[in-house]
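What TrEMBL annotates here:
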type	residues	note
COMPBIAS	1-21	compositional bias 'Low complexity'
REGION	1-50	region 'Disordered'
TRANSMEM	91-110	transmembrane segment
TRANSMEM	122-142	transmembrane segment
TRANSMEM	199-217	transmembrane segment
TRANSMEM	223-243	transmembrane segment
TRANSMEM	250-267	transmembrane segment
DOMAIN	324-365	domain 'RING-type'
Amino acid sequence: MSASSSSAANSSSAAAAAAGSDQQAPLLASRQGSGADDGGSGSSDSGPRQPSLAVLLGRAAGRRGPSMLVRETAARELEQRRADWGYSRPVVALDIMWNTAFVLVSVVMLVVTADEHPNTPIRLWICGYAAQCLVHVVLVWIEYRRRSARRVRDEERQQNYNYVNDSEDEEAGVDAALGSTAQSNVTKRCESINTMASFLWWIVGFYWVVSGGDILLAEAPRLYWLAVVFLAFDVFFAIFCVVLACLIGIALCCCLPCIIAILYAVAGQEGASEADLSILPKYKFHILSNGEKTVVGAGKMVPVETTSGYLANDRLLLPEDAECCICLTSYEDGAELHALPCNHHFHSTCIVKWLKMNATCPLCKYNILKGNEQI
């Protein structure tokens, strides 16, 4: 059986005003309801919210709100990529073949073991197991067809954008999205029910195998070992999923740049291009010397001229803002930084790979390609 998902930290606006530099926005600008497509269900949430669990984890790890927000955004991005990859054609084909093989093996074994007489209803358990595999195959196929149809609709709508009235095109897109969301919710609900039933059925099968003991092994050896193999496969997949989830969680907390690099390598460049990145303001961070610390500040961002010829003003950073929320390291003297239009700043090496994969700010979801539009 296959295994089946602010408090605003103020930036240096006051200090910058005291130093005569341009005024800055808070590190966590107020975010108004922005929807985020989950990449699979077609549903959206009303803006990134920080769950209580994330707050507790952030406090336990000694990390502030901004860095935890970045990790929540990365987790959502990772989940979206996982959903897209999980319903790609090769994975769906492998999943369907795997579960279909379980169904065929079950049917064959039930036929050839007609002369065996187990002392527990293990034959019934194998029938139920095969039925659950078959239901899983049907649900996976339905979801795959739904996603494929949605991709086709999106491509057609993009191609016909210049030939169809904007209001009509938007209305058709909303209707299609609502229908796709409803179908996806039904499929997900059925899959959840099937998963819960599979868990309960596994417990029943384990009990029947154990209670049958040596008598079951002697009277129905082939049915016995078939049930043991099915139970063992389920345990293996469950352990694999738990270990993988733990590793991903640890990596998100301790090594987010590695996750971003892996996502970029797998997904490729789907966000900002080199031309888009070249116009972003670039800075070098300089730590203030003792003589310069007439105002409260850890250092200043000195602009570097970009290929576009644009040169920004100096920016003074408070001590709590002088670190990258992605890699959780403080800015060192001479470090290269990028500032986004929303005034959030990061190490150049950290933010460039993120923007190439997803052209939105990992903190406030400001889209650098679409201006004020937040996704």
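Each position is counted from 1, following the chain as shown.
Every residue gets a Cβ built from N, Cα and C, even glycine.
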Integer average pLDDT (0 to 100) for the domain 'RING-type' (324-365): 84
Residues of the parent chain within Cβ reach of the transmembrane segment (91-110), under 8 Å, 6 or more residues beyond its termini: 1-2, 85, 123, 126-127, 129-130, 133-134, 136-137, 140-141, 144, 222-223, 226, 230
